[in-house]
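These notes concern the structure reproduced below.
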């Protein structure tokens, strides 16, 4: 069995505590299942700034580039609020995404049955929810040029951001969405604003052409992004895979996340293009939640999003679909048993800490 190389970047705040539970899981899989994982660990975010004066060092960046997959914890905290903008903790994640050319951000929105009552929507609206939002991550208004603030000289200023998409960017992100849909319910909804944006017109055209040429077996719908936001709240279970641009994906994925009852429960993946020779994609997996410095070191952080991110790693980087299914099933089973960390605790449940939750999930996974 070929060795599977993982590079771990726990980061700041609760990142190291959550990552510790994944490290235990990896060790258990190697020992009990012979999974063949090899791990190395580096610094990212504020801790990297403290050690190297940069949000990620060149040496750790090289290790990330060489790994089969990167597991990322969280970055940031008040300690680093005053550091220069270009070396702020978040710059480490941005460099990873840029240098690894991670253009496809996968954001699942899954409502675990045991937590359906925690959603702000009616239980029947969200129970059984399983949506995957595929967000284009390296183009659009966040990266388009010009991007500047101009002094107009009359006491007024003008802020400029530019929304830009080329055909190939839309082709490759829609291709990822269609391929993923084939492994799910075979349904893609593409969202843009073609009624007011030329980039939306092109997006609609290219997605339609890509579908016709290569993925005609997948059901395709188009929806204006603002209507999509409304429909996510009205009846989210109509969706399977949603593909959209960087800006709308940023907004819609957070809307979808809150349907589930706790944004702190959700994983994500960022994928690059397949290597020409190996056909493998560079990939980074991370929980959606932040570094939560207010609870760091207290042993109460919820490790589920980090563990679920590792499940995505098993599925998308290593093709270990059965193991990914079992791990996701173990998370659901532990929640069904009533175990809760502080952030998702409710009366009648059993409150546990970070380590206890991790141990319970690992035991259920291996059992």
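Glycine is treated like the rest: Cβ placed from N, Cα and C.
According to Swiss-Prot, the features are:
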{"type": "BINDING", "residues": "77-90, 290-302", "note": "NAD(+) binding site"}
{"type": "BINDING", "residues": "97, 107, 135, 226", "note": "substrate binding site"}
{"type": "BINDING", "residues": "226, 250, 254", "note": "Mg(2+) binding site"}
{"type": "SITE", "residues": "142", "note": "site 'Important for catalysis'"}
{"type": "SITE", "residues": "193", "note": "site 'Important for catalysis'"}
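A map of Swiss-Prot features onto the structure.
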{"residue": "81", "record": "NAD(+) binding site", "CB count, 10 Å": "10"}
{"residue": "85", "record": "NAD(+) binding site", "CB count, 10 Å": "7"}
{"residue": "97", "record": "substrate binding site", "CB count, 10 Å": "17"}
{"residue": "142", "record": "site 'Important for catalysis'", "CB count, 10 Å": "16"}
{"residue": "193", "record": "site 'Important for catalysis'", "CB count, 10 Å": "21"}
{"residue": "226", "record": "substrate binding site", "CB count, 10 Å": "15"}
{"residue": "250", "record": "Mg(2+) binding site", "CB count, 10 Å": "18"}
{"residue": "254", "record": "Mg(2+) binding site", "CB count, 10 Å": "14"}
{"residue": "292", "record": "NAD(+) binding site", "CB count, 10 Å": "22"}
{"residue": "296", "record": "NAD(+) binding site", "CB count, 10 Å": "18"}
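The Cα atom of residue 250 (Mg(2+) binding site) lies nearest to that of 135, taking the binding-site residues 81, 135, 296 as the candidates. In this structure, the CA atom of residue 300 (NAD(+) binding site) is 37 Å away from the CA atom of residue 226 (substrate binding site).
Over all protein chains present, the Cβ of residue 300 (NAD(+) binding site) has 19 other Cβ atoms lying within 10 Å. Comparing local CB density within 10 A for the binding-site residues 107, 135, the maximum falls on 135. Among the binding-site residues 77, 89, the residue whose Cβ has the fewest other Cβ atoms within 10 Å is 77. Taking CA atoms as the reference points, residue 296 (NAD(+) binding site) and residue 107 (substrate binding site) are 25 Å apart. Of all residue pairs in 97, 107, 135, 226, the annotated binders of substrate, the farthest apart have Cα atoms separated by 27 Å. Across the fold, the C-alpha of residue 85 (NAD(+) binding site) and the C-alpha of residue 226 (substrate binding site) stand 32 Å from each other.
In terms of Cα spacing, the recorded positions 77, 89, 142, 193, 254, 292 that come within 10 Å of residue 226 (substrate binding site) are 193. Residues 226, 250, 254 make up the record's Mg(2+) site, and a Cβ search at 8 Å around their centroid adds 225, 229, 247, 248, 249, 251, 252, 253, 255 from the same chain. Of all the recorded positions in the list 107, 135, 193, 254, the shortest Cα-Cα distance to residue 292 (NAD(+) binding site) is found for 254.
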